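S.K.: Got a structure for you, questions after.
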Amino acid sequence: MTTTAPVPAPAPKRSRWQLFWTGPAVRKLRRNRLAVTGLIITLVFGLIALFAPLIAAPQGNCLRDLNISTPSAVYNPLGGTFWQAVLAPPRSCYQIERLSFSSTPTPPGPEAVFGTSNGYSIFYGLIWGTRTALKMSFIIVAITLLTGVIIGAISGYYGGWVDNLVQRFIDVLFAMPPLVLTVVLLTILRAKNPGGDPTGPIILAFSIAGWAGYARLVRGDVLRTRQLEYVDAARSLGARDWRLILRHVIPNSLTGVLTIAVLDLGTIPLSVAALSFLGLGFESGYAEWGQLVEFARPWLKPDYWYVLLFPALFIVTFSLAFNLFGDGLRDALDPKSR
């Protein structure tokens with residue numbers, strides 16, 4: 001009598017999330033303590049930005065525009081005011097709470113946890129300024145990344161006069177320091193309406209000045225990718241150019257630009273703060289970290305240590321967190337480092 005060996009049960013099929021979470025890149029990223037620390041800090045900043053209305057309750061005109069009379073109404077998640085304040089607060093909520101009209105700073109106390117600078121609450125400015133920093137960072141990086149990837153892919157894929165034209169234009173942009181180019185563009189964009197909301201012009205100026213780096217990086221990868229066999233095979237089967245670019249060329253060029261994008265998320269607030277310090281950014285009293293640094297400039301004395309310490313801590317910690325996570329992400333996605 002013969003017996004047959006039992007057939008082993010097939011291994012359970014893993015989901016895409018399980019494959020992603022146990023993949024070599026994510027596994028290496030999870031083992032990088034500095035990268036994980038940076039990610040945790042960025043998530044904390046994200047929570048601060050999201051729940052800014054609950055941490056630093058709205059005051060003054062913000063209450064009026066939210067159609068409430070007391071800040072306590074914001075804390076009720078069953079009411080519509082809670083969701084409006086958290087998801088789409090009016091612009092008046094970004095005006096820093098002004099506790100006095102005295103230019104002399106006041107030390108931290110019960111009424112102002114971090115003290116005041118030029119009469120404005122430093123705590124309110126930092127909390128709502130975190131929302132401004134993340135909003136500007138993600139919008140600017142998203143626009144520059146998308147523009148740079150598309151233009152770089154087209155330039156590298158078609159080559160010839162298209163590539164020469166795009167690369168010479170990029171050379172012109174690279175001829176000027178990024179901050180100087182941004183200042184020039186912002187001055188031109190705000191010339192017709194100097195007293196208006198600067199959010200749009202700032203985003204547009206940074207986007208025009210920032211896409212070229214992504215485009216040049218993607219273009220280099222596309223020049224290599226377009227000669228690979230699977231691209232030639234898809235082209236021989238009749239695939240159109242736009243399909244080749246979107247499905248085969250661009251996905252293989254995103255590793256480098258994504259890590260650069262994460263690093264840029266941490267540097268955008270520094271540049272925006274520099275504009276406010278130069279008097280070209282947001283109006284006085286707007287919740288933006290550069291405003292608080294500008295307020296602290298006349299009071300750089302030991303007795304007024306708090307006017308610069310707290311804004312500097314927020315700016316440095318924010319940028320350091322994104323740099324730690326970006327460096328870890330670059331190491332995890334680089335096949336040569338595995």
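Every residue gets a Cβ built from N, Cα and C, even glycine.
In TrEMBL, annotation is done automatically, which means it is predicted and not curated.
Pulled these from TrEMBL:
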type	residues	note
DOMAIN	134-326	domain 'ABC transmembrane type-1'
TRANSMEM	34-56	transmembrane segment
TRANSMEM	136-157	transmembrane segment
TRANSMEM	169-189	transmembrane segment
TRANSMEM	201-218	transmembrane segment
TRANSMEM	257-282	transmembrane segment
TRANSMEM	304-326	transmembrane segment
S.K.: Excluding the flanking five residues on each side, which residues at least 6 beyond the ends of the transmembrane segment (136-157) place their CB within less than 8 Å of a CB in that stretch?
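M.R.: Residues packing against the transmembrane segment (136-157) from afar: 163, 166-167, 199, 202-203, 206-207, 210-223, 226, 241, 244-245, 249-250, 253-254, 257, 261, 264-266, 268-269, 272.
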S.K.: Sequence gap of 6 or more, Cβ distance under 8 Å, 3 or more pairs: do the transmembrane segment (304-326) and the transmembrane segment (169-189) meet that?
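M.R.: When sequence-distant Cβ pairs are counted, the transmembrane segment (169-189) does not touch the transmembrane segment (304-326), since fewer than 3 lie under 8 Å.
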S.K.: Take the transmembrane segment (257-282) and find every residue of the same chain, 6 or more past its ends, with a Cβ under 8 Å from one of its Cβ atoms.
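M.R.: The answer is 132-133, 136-138, 140-141, 144-145, 148-149, 178-179, 182-183, 186-187, 198-199, 202, 206, 210, 213-214, 217-218, 288-291, 293-294, 297, 315, 318-323, 325-327, 329-330, 333.
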